[in-house]
Amino acid sequence: MQFSGRTRKKLRLAGDQRNACYPHSLQFYLQPPTENISLTEFESLAFDRVKLLKAIENLGVSYVKGTEQYQSKLEAEIRKLKFSYRENLEDEYEPRRRDHISHFILRLAYCQSEDLRRWFIQQEMDLLRFRFSILPKDKVQSFLKDTHLHFEAISDEEKTLREQDIMASSPSLSGVRWESESVYKVPFADALDLFRGRKVYLEDGFAYVPLKDIVAIILNEFRATLSKALALTARSLPAVQSDERLQPLLSHLSHSYTGQDYSTQKSTGKISLDQIDSLSTKSFPPCMRQLHKALRENHHLRHGGRMQYGLFLKGIGLTLEQALQFWKQEFIKGKMDPDKFDKGYSYNIRHSFGKEGKRTDYTPFSCMKIILTNPPSQGDFHGCPFRHSDAELLKQKMQTYKIPASGISQILDLVKGNHYQVACQKYFEMTHNVDDCGFSLNHPNQFFFESQRILTGGKDIKKEASHPETPQHKPSTQKTKDATSALASLDSSLEMDLEGLEDYFSK
């Protein structure tokens, strides 16, 4: 598959050539990849990178960055997803290749809005910080050179000459063996953050920065480089979106869900309608608890609320017949004529179960879909309370849910940092009296099933393991066969020419 008029080429490298492509376990991603990959690998790499960045976000708010626990858990995530992380491991070509290609694929998806760019940059910075923290000291200078950062380590003589001044100006050197610490001579303009914090020694327009502090400068350079690159990529979006081979893969990537498929559960039919009120206070996430309360009080929900809540109920086990009965009973309480419900609303419910129209069996919305699409307006109750409620209203809601003041403060801090899913996870821990829930929350139905697992010991409602599914709707059998056949046909005859992608990242 070719994106430009460049001559196609496929890398066939071995030995030293392979190592030369990726000399380090970390990089600034200055050059786009130039090889061909299949559509299947393109998609697989993209979703693996999304999983990694979401894991980085969750770990970053659950643990102090740089601590032993944070480092070990992040290393485990990177290893599990087969990305590069250590400098001196053998057979690192493939993990570094995966890292390189997947980063550039996600640029295409995450350049589309300011919020997406900000989130992407932050997670990539945290990943770079981790990798730099475990980079051997003897590799730092070559990494800086390859990244075009002209920071030279000063000689031992210069260190000795300025030892007292540097030690007095650099708090990070407290308790560090001076003899083993490298110090870098950096232009003053590149060390402004350290200067503002009075954490660096200045002389003749240069800052003398210990290795422990150089990471702050490297991260600033990386942020500026990546921010500019994303802006350039955003200019090429119309061309990317017009490509029928790329557009389907990128359209939902930024808010895709990569976990459990909650469209069909073994618990189907095990939930009775008279259980819903009780379950809503015990096991519903705030977004669904809010919708249930609004439905009971107003006997009506607008379309966005009906879709979000209806698919959630379907995912926790309501059958089509139960769903029709549930919604009809509630809407009739609101003085709706039963015939009007049967002729209009019942069709939409059957449609969501794949029984009408295109026979698309819709799956419950993931957290990312709720957070990033269809924001609520006046009179709506759908959306994510942590994302779409102002701080005071959210505080009142948490008080109503009997969250202690200290817990509310933690939740509001997470929301202020745009960590909406982690805030919901903290709510889960508070309401279920657990210190660490042991999972990363990505789906309202995941919240429900994890809650039931704790409350019932997994005896009643138990989710079954299934393959991850990323779309928010499941096509009919025939459409699935057609799509699979089409993709197989594309894979057999065409490949992604990543060399041509350079045009999207540099124009």
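Each Cβ is built from the backbone N, Cα and C atoms, and glycine gets one as well.
Per Swiss-Prot, [4Fe-4S] cluster binding site is recorded for CYS287, CYS367, CYS384, CYS424. Under a cutoff of 8 A between CB atoms, and with a sequence separation of 6+ in the same chain, the neighbours of CYS287 ([4Fe-4S] cluster binding site) are GLN308, ILE370, HIS382, GLY383, CYS384, PRO385, PRO444. Annotation note: CYS287 ([4Fe-4S] cluster binding site) sits in a helical segment as assigned by DSSP.
Under the heading compositional bias 'Basic and acidic residues', Swiss-Prot lists 461-472.
The phosphothreonine annotation in Swiss-Prot covers THR470.
According to Swiss-Prot, the region 'Interdomain linker' annotation covers 253-270, on the basis of similarity to another entry.
Under the heading region 'Interacts with PRIM1', Swiss-Prot lists 266-503.
Look at Swiss-Prot and you will find 300-442 tagged as region 'RNA:DNA duplex binding', backed by similarity to another entry.
Summarising the annotation, Swiss-Prot assigns region 'Disordered' to 461-486.
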Packing count at CYS424 ([4Fe-4S] cluster binding site) (other Cβ atoms within 10 Å of its Cβ):
25
Once the DSSP letters are reduced so that anything not helix or strand counts as coil, what is CYS367 ([4Fe-4S] cluster binding site)?
helix
Under a three-state reading of DSSP, tell me whether CYS424 ([4Fe-4S] cluster binding site) is helix, strand or coil.
helix
